Structures are given as structure tokens and as C-alpha cells.
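Colleague: Below, the features straight out of TrEMBL:
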{"type": "BINDING", "residues": "A:Asp29, A:Ser44, A:Asp74", "note": "Mg(2+) 4 binding site"}
{"type": "BINDING", "residues": "A:Thr45, A:Asp46, A:Asp121", "note": "Mg(2+) 1 binding site"}
{"type": "BINDING", "residues": "A:Asp46, A:Asp74", "note": "Mg(2+) 2 binding site"}
{"type": "BINDING", "residues": "A:His53, A:Asp260, A:Phe316", "note": "substrate binding site"}
{"type": "BINDING", "residues": "A:Gly120, A:Asp121, A:Arg145, A:Ser212", "note": "ATP binding site"}
{"type": "BINDING", "residues": "A:Asp213", "note": "Mg(2+) 5 binding site"}
{"type": "DOMAIN", "residues": "A:27-135", "note": "domain 'PurM-like N-terminal'"}
{"type": "DOMAIN", "residues": "A:149-300", "note": "domain 'PurM-like C-terminal'"}
Protein chains: 2
Amino acid sequence: MLSEFDLIKQYFVQDYAGDSRFALGIGDDCALLNPSPGMQLAISTDALVSGRHFFADAEPIGLGHKCLAVNLSDLAAMGAKPLAFTLALSLPEANPDWLAGFSQGLLSLANLHQCRLIGGDTTKGPLNICISIFGELPPGSALRRDAAQVGDDIWISGSLGDARLALASYWKEMTLTDEEHSQAASRMHRPTPRIALGIALRGIANAALDISDGLVGDLGHILDRSHVGANLDVDSLPAGPVLKKQTQEKRREFTLNGGDDYELCFTAPSHQRQAVIAAGLASQTAVTRVGIIEAELGLRLRDTNAEAINMALTSFDHFTTP
Amino acid sequence: MLSEFDLIKQYFVQDYAGDSRFALGIGDDCALLNPSPGMQLAISTDALVSGRHFFADAEPIGLGHKCLAVNLSDLAAMGAKPLAFTLALSLPEANPDWLAGFSQGLLSLANLHQCRLIGGDTTKGPLNICISIFGELPPGSALRRDAAQVGDDIWISGSLGDARLALASYWKEMTLTDEEHSQAASRMHRPTPRIALGIALRGIANAALDISDGLVGDLGHILDRSHVGANLDVDSLPAGPVLKKQTQEKRREFTLNGGDDYELCFTAPSHQRQAVIAAGLASQTAVTRVGIIEAELGLRLRDTNAEAINMALTSFDHFTTP
């Protein structure tokens with residue numbers, strides 16, 4: 001049986017010699033970080049729990065990717081550049097195959113974003129993966145949830161709903177072909193954090209967040225904190241390639257309520273439309289305009305003919321859903 | 001049933017208006033922190049798991065205290081001043097009594113050290129408490145594990161072994177009076193992070209760490225990373241008030257191997273003895289000189305007559321102990 005310290009050494013040490021921002025990494029009581037002068041730090045923490053955020057038998061490479069991706073997505077939603085992260089891993093057993101796969105998925109994505117693993121903790125216990133992530137951004141440039149303005153356009157990056165569609169397929173609520181299932185499942189297991197888009201939107205977008213629990217619930221956080229309302233053009237919501245083939249009812253339901261896509265929802269003044277489109281092109285990320293921020297509180301759903309749509313909508317909540 | 005967001009709002013929001021270091025706290029995708037100009041950040045992450053780090057029925061106020069204390073202790077061991085922390089809480093259920101107690105224990109200690117809760121995440125799942133903590137210190141002043149020098153004195157803060165004694169009592173390995181048990185148990189459940197001492201030792205001590213898994217194993221990390229050995233005067237180790245009353249054999253065993261006391265073990269040049277004693281007085285923390293760093297690798301245990309002691313010693317490891 002591997003000891004706790006062997007584990008850390010064997011699987012989770014990155015080489016970042018020569019990068020003066022990191023004065024000390026794994027192996028001491030704390031990691032030491034030299035923040036870039038004049039920059040603000042963005043910090044986020046997310047825990048992923050077996051059976052809740054992922055299946056107990058989830059493939060470890062994908063799981064490693066996803067755990068870091070959801071944290072990177074929080075940096076993207078603030079417009080922050082990734083810097084470093086810590087990992088607290090609770091594991092039922094020290095299985096070398098699992099650890100090799102998990103660290104490969106985790107560190108591949110970390111290296112892609114030059115995000116350094118600077119500290120960690122491993123414990124025996126039910127599988128729980130807790131990551132804290134650190135990014136940098138110039139003071140005043142953060143894309144906050146409380147900054148939406150009346151008249152702002154509402155935008156969505158990429159596409160929505162395929163992750164939820166994969167879940168429906170796993171749950172046998174819906175039947176997909178193998179190829180469709182595999183395509184949708186890759187959206188669920190391998191979300192793409194929109195880091196480049198988030199950074200490109202600094203100074204252009206007002207408010208932003210990443211959609212983890214579904215657009216309706218998450219956009220609701222922007223509306224609540226900004227004390228505004230919104231009008232959404234439901235049929236303009238960008239459905240994922242597999243969801244596009246489904247009925248209008250499913251498209252509406254899953255683009256509005258499907259979680260786990262980790263796309264950005266952001267608002268920007270209408271005079272910034274060209275700048276938003278340019279930011280999308282520069283970051284090679286599709287951006288779609290889907291609605292408008294209004295003074296009247298609440299969320300109004302409209303179809304392409306601007307007719308009101310009434311749908312029962314609930315946001316995903318870890319403590320109120322089964 | 002409370003929703004996830006109600007939970008966070010109700011129990012875990014501190015007021016830190018007016019502190020310009022915190023540009024944005026709980027409720028956005030990330031917290032925003034303005035590091036003090038020219039300071040280095042110390043970062044540590046620890047997860048506490050039910051049944052492993054604490055009993056499943058642990059009293060919530062004490063548990064809240066302990067979870068933050070062990071993280072503050074990591075800052076103390078670097079000589080860093082506490083700044084902020086994040087909390088990822090996985091809970092089987094949203095029990096208001098438990099949450100009220102836990103947050104009281106957690107935030108009381110946080111407020112004592114002016115350490116701000118800046119972000120969090122709650123999930124339904126087996127009880128797991130993951131804290132990442134952030135502190136500040138001047139560059140070059142960190143008390144690292146790899147900085148012990150041959151000839152350094154070895155020092156211990158406070159006293160050792162009472163936390164291990166409490167465990168022995170819980171496990172019925174030993175019998176204590178109710179008063180003794182209660183005194184020892186308070187050391188186990190309410191460790192005191194040695195923040196003031198750690199800061200006072202900047203520029204005086206060379207190497208330091210906090211003792212969580214037992215002195216022998218933890219001092220071993222300093223020896224390994226500093227490429228040195230040590231000679232410990234075992235009978236000079238400061239035993240806790242309850243442990244003092246036990247046999248010499250138990251005193252030796254529990255001061256050397258007992259974990260969970262969260263005292264500092266540090267090394268300092270012999271010409272700094274008066275400065276170390278002054279740092280102890282200034283921080284109102286007992287400091288005891290217990291040995292010396294030597295060039296010869298390995299750890300040598302001596303009794304008061306400088307005779308070698310042979311003991312079977314093992315450090316606590318989460319994956320190799322039952």
C-alpha cells in the first residue's frame with residue numbers, strides 16, 4: 001500500500017522551476033505565492049462529491065479534467081487568468097490506476113492553462129475532490145454578478161443542454177444513438193472552461209457567471225444581485241449539436257434548465273455588440289445574443305414571435321433535489 | 001428543507017465592510033482579494049473527514065473550531081499572518097442546529113484572528129470539511145521545512161501528547177478520571193494555532209512545521225528536506241498536564257508519537273536562544289528546547305543521561321493506519 005506522501009509525490013507534482021511567482025510548492029506547511037504587483041486575486045472553491053456531481057464509477061481521466069474545469073470556469077466567469085490551484089483529495093483507497101488517470105486528466109488541463117498545483121492534502125474517506133483555484137486580474141476589471149445594467153444584451157457562449165441530454169440518456173429518460181450519446185456525454189464529462197473568452201470580455205461585458213445549475217437559475221443570480229429583470233428569447237438559445245435534433249419542447253427545457261455545460265452567461269451594453277463578437281472570434285468561442293436586461297424584476301420567457309412562454313422551471317439545488 | 005443558498009447566507013456570512021483587502025466576498029463566481037503590496041501569500045488546504053479526523057457525532061462548535069484551527073496552524077508554521085479562507089462543506093443533511101454550532105465555532109476563531117471567510121461551496125454528501133486558508137508574510141521570511149541548519153536548537157511550543165492521551169481514553173486503551181479526560185479531550189478538540197509565536201519567530205527561527213501526525217514523523221520532514229539529522233532529548237519533551245501524570249513509557253510514547261496537538265516544532269541557531277525565549281514571552285506561548293540538529297542523518301533519541309533510547313516509532317499515515 002502506498003503511503004500518503006508517496007501518493008502526492010508520485011502523481012501530483014508538476015515542474016514549475018524558474019517561475020518566480022511560485023516561491024514554494026507542495027511539501028511544506030503552506031505554498032508561497034508572489035502575486036503580480038498591482039493585480040487582484042480571484043479565488044474560488046468547489047468540491048465534487050461521488051454520486052452527486054459524478055458517477056461513482058466515473059472514468060478517472062475525465063473526472064480529473066472535469067474537477068479542474070469547473071473551477072477554471074469560475075475564473076473564466078470573472079475574467080481572471082489562471083495562476084494556481086490546491087487539491088484536497090479524499091479517497092476510499094490508493095488505487096494507482098485511478099490516481100494515474102485522475103492526475104493525467106487534471107494536470108493536462110492545468111498545463112494547458114499554465115495553472116500550477118501548489119498544495120494538496122490526501123485522506124482516506126468517501127471520494128471527495130475539493131479544489132481551490134487562484135487567478136489574477138487587473139483591479140476593477142472583474143465580471144461580477146451584480147453589475148448588469150438595464151438595456152444590456154444577454155449573451156451565451158458555446159451551446160447549452162447537451163450535458164443535460166447525456167444525463168437523460170444515462171437515466172433512460174430518452175433514447176439516443178450511441179454516437180449521439182457519446183457526443184453529448186463528452187459535453188457532460190469534459191466541459192471546456194471559457195478562459196480566453198472571459199479575459200477577452202474584460203472592459204466589454206458588465207456582468208457574467210458560468211452556467212453550472214441551468215441558465216434560468218444561474219441568470220437568476222445575476223438578476224437578483226443586480227436588482228434587474230430580463231427578457232429571454234428562448235428559441236434563440238444555442239442548443240448543443242445533439243439537442244438540436246430533439247423536439248422543441250426538449251430544446252427549450254434543456255437549454256433553459258440543463259446544468260453542467262459550464263458556458264458563460266454575460267451581459268454587455270448594446271453599443272458593445274461588435275466588441276463582444278470580436279471577443280468571441282479572438283477566443284474562438286461562439287457567442288449568441290439571447291435576451292435583454294430590463295428594469296422590471298423577474299425573468300420573462302418569449303418565443304420567436306415575442307409571445308410569452310409559460311414553463312415550470314426550477315433550478316438545480318443540491319439539497320432540494322433527490 | 002433549506003436550500004443550498006439559504007444555508008450559505010444564513011450561517012456563513014461575516015461582515016467585513018470597510019476592509020479594502022476584500023473587494024468581493026461570498027456570492028459571486030470568485031472572491032476578489034487585494035494582496036498587500038510587496039507581501040507574499042501563504043496558502044494551505046486541509047480536508048477533515050468524518051470518522052478519520054473526527055468522530056461522526058463530534059460536537060459541532062468544537063468541530064468548527066478544529067477545522068479552522070488546523071488550517072491556521074499551517075499558517076503559524078510558516079510565520080504567516082491570517083488573511084482569509086474558503087470553506088467547502090459536504091453534508092449529509094442541512095441540520096440547522098448543527099450548522100449554527102459549526103459556524104459559531106468556525107467564525108469565532110476566524111474573528112479572533114481577523115481571518116475572513118471569502119468563499120464557499122456546500123454539497124449534499126458524506127461529511128467532509130475542506131478549508132483553504134490564505135496568509136501574508138514578507139518575502140524571504142517564511143519558516144520553511146528545508147531550512148534547518150546543523151547546530152540549530154530544536155524547540156517545541158506548548159506541550160505534547162494530551163490529544164493522543166484523550167484518544168487512548170476514548171479507545172479505552174487507558175483509564176482517566178472524568179476531569180483528566182475532559183482536560184485532555186479539550187486539547188484534542190480545541191487545538192490552539194500558534195499564530196502569534198509563528199509571526200514572532202520570523203527572522204529568528206530557521207525551519208518550522210506544525211505537529212499534526214506526531215513529533216517523530218513531522219520532525220522527520222524537516223530532517224529529510226533539510227538533509228540533516230537530529231538528536232532529541234526525549235525526557236525534556238514538554239508533556240501535557242494530564243500526560244505528565246502517566247508513566248515515563250507513556251510520556252515518551254505520546255510526546256514522540258502523539259498527533260493532533262498542533263504545536264510548532266522549529267529550529268533556531270543557538271545564538272538566538274534569548275530571542276526565541278523573548279518570542280515565546282511576547283506571544284504568551286511556552287517554548288522548550290528539546291534537541292539539536294546534526295550533520296549525521298537520522299533521528300537519535302536520548303534520555304536525560306544522554307543514553308540512547310530504542311523505541312519502535314511510526315508516524316501516523318492516513319493510508320497505512322487502520
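Any Cβ shown, glycine's included, is placed from N, Cα and C.
TrEMBL does not curate its annotations; it predicts them automatically.
Situate these features within the shown structure.
Modeller: In this structure, A:Ser44 (Mg(2+) 4 binding site) is part of a beta strand by DSSP. Annotation for A:Ser44 (Mg(2+) 4 binding site): same-chain Cβ neighbours under 8 Å, separated by at least 6 residues, are A:Asn71, A:Asp74, A:Leu75, A:Ser132, A:Ile133.
Taking the Cβ of A:Asp121 (Mg(2+) 1 binding site) as reference, residues of its chain lying under 8 Å away and at least six apart in sequence are, in sequence order, A:Thr86, A:Leu87, A:Ala88, A:Leu89. According to DSSP, A:Asp121 (Mg(2+) 1 binding site) sits within a strand segment.
The Cβ of A:Asp260 (substrate binding site) has A:Ala163, A:Arg164, A:Leu167, A:Arg187, A:Met188, A:Pro191, A:Ser212 as same-chain neighbours under 8 Å, each 6 or more residues away in sequence.
Per DSSP, the domain 'PurM-like N-terminal' (A:27-135) is made up of 36 helix, 44 strand, 29 coil.
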Colleague: How big is the Cα-to-Cα gap, in Å, between A:Gly120 (ATP binding site) and A:Asp29 (Mg(2+) 4 binding site)?
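Modeller: Here the two Cα atoms lie 10 Å apart.
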Colleague: Quick one: of the binding-site residues A:Asp29, A:His53, A:Arg145, A:Asp213, which has its CA closest to the CA of A:Asp46 (Mg(2+) 1 binding site)?
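Modeller: Smallest Cα separation from A:Asp46 (Mg(2+) 1 binding site) among A:Asp29, A:His53, A:Arg145, A:Asp213: A:His53.
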Colleague: Where does the mean pLDDT land for the domain 'PurM-like C-terminal' (A:149-300)?
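Modeller: Its mean pLDDT is 95.
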Colleague: Which of the binding-site residues A:Asp29, A:Arg145, A:Asp213 has its Cα nearest to the Cα of A:His53 (substrate binding site)?
Modeller: A:Asp213
Colleague: Give the number of CB atoms, excluding that of A:His53 (substrate binding site) itself, located within 10 Å of its CB.
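Modeller: Other Cβ atoms found within 10 Å: 21.
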Colleague: Do the binding-site residues A:Asp29, A:Asp74, A:Asp260 include any whose Cβ comes within less than 8 Å of a Cβ in chain B, and which?
Modeller: A:Asp29, A:Asp74
Colleague: Could you tell me which of these binding-site residues, A:Thr45, A:Ser212, has the fewest other Cβ atoms within 10 Å of its Cβ?
Modeller: A:Ser212
Colleague: I'd like the number of other C-beta atoms within 10 A of the C-beta of A:Gly120 (ATP binding site), please.
Modeller: 25
Colleague: Can you tell me the CA-to-CA distance separating A:Thr45 (Mg(2+) 1 binding site) and A:Asp213 (Mg(2+) 5 binding site), as a whole number of Å?
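Modeller: A:Asp213 (Mg(2+) 5 binding site) has its Cα 16 Å from the Cα of A:Thr45 (Mg(2+) 1 binding site).
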